[in-house]
Amino acid sequence: MVLSSEASSAADHSAAAPIPTSSWPQLLGRLTEGKHLEPGQAGWAMEQIMSGNARPAQVAAFAVAMKMKVPTAGEVGELADVMLAYARPMPADLIRDDTVDIVGTGGDGVNTVNLSTMASIVVAAAGVPVVKHGNRAASSLAGGADTLEALGVRIDLGPDQVARSLNEIGIGFCFAPQFHPSYRQASVVRREIGVPTVFNLLGPLTNPARPRAGLIGCAFADLAEIMAGVFATRGSSVLVVHGDDGLDELTTTTTSTIWRVQAGTVDKLTFDPGDFGFARAELSQLLGGDPQANAAEARAVLGGAAGPVRDAVVLNAAGAIVAHAGLSSRAEWLPAWQDGLQRAAVAIDSGAAEQLLARWVRFSQHV
């Protein structure tokens, strides 16, 4: 299964320094020259954006220039830390310390069905607590929030309600605009410029529930290791994944590259789902539609329908269960995958996933 392996340490990424005095001309000048920012400068820029002191042109220039330069893990970590500091806080006493998130950067341009959304429900039904962070579609026809809404889940719950959902149902959804109101200006700019930027990396890194484990999809192969580096500095157990067909998911059309984050280190692996008996799918078999179409697909898969979409959902759900198992230093790679795949399949075939969705819908509508 593992064709190649490379390791790096979170210690390679220096901690962010106090935010220095800076200016947009100084900062943008460095970026357009291809130079890394000084420690604290990325944090300064994000502080300007989140506080509403940055103009739209400055936000757009920064977002694009940072991605073109290729950010460091330290720079992205500063952006995420400032964004989290502005987020609506979750009730810490009600949030378990072993939650998992399943989310991607978006931006792969493929418009697949909402695999991570379906996988989240399966993982929760398998007994792993899930706090999913997500938003409406930015470039595809339906984002995770759009599909959940079409399924009947109320997506605009606040911190206390999400915490209750997690504790009573086993899953909660943090709708990004509800928890990151100060990010509104950057969201508008991101939609207007219409191309992936450094901001695509921030969604998976800024879940306000701060889950310690996750299956994190990255559509950008050159940036996935940077995301993994940020998670490593946090001591997370995460699989950052990039389908070698370009998907920000574990794919079944070919191999995937995985950056496994555990105990502060990052290992790069090549993962072949065929090693676990998965048939190769065609990308066209994983394509989605509008929210109603994706919701119908989700109901079918959670109801037990076989086929390429189910395979991809089971694979991604298993990946999240593997990441969750990584919170224990005793977790072993192959046994964890075997366990995760079995638990994901049973969660669907037993009806547990379908039943959990029904309970979640009822809870969210009456909380």
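Note that Cβ sites are derived from N, Cα and C of the backbone, with glycine treated the same way.
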Which listed span Swiss-Prot calls region 'Disordered', if the choices are 1-22, 155-176, 265-286, 287-308: 1-22
Assigned element (helix, strand, coil) containing R136 (5-phospho-alpha-D-ribose 1-diphosphate binding site), judged by DSSP: coil
Distance from E249 (Mg(2+) 1 binding site) back to S116 (5-phospho-alpha-D-ribose 1-diphosphate binding site), taken between C-alpha atoms, in Å: 8
Among H133, R136, R190, the one of these binding-site residues whose Cβ has the fewest neighbouring Cβ atoms within 10 Å: R136
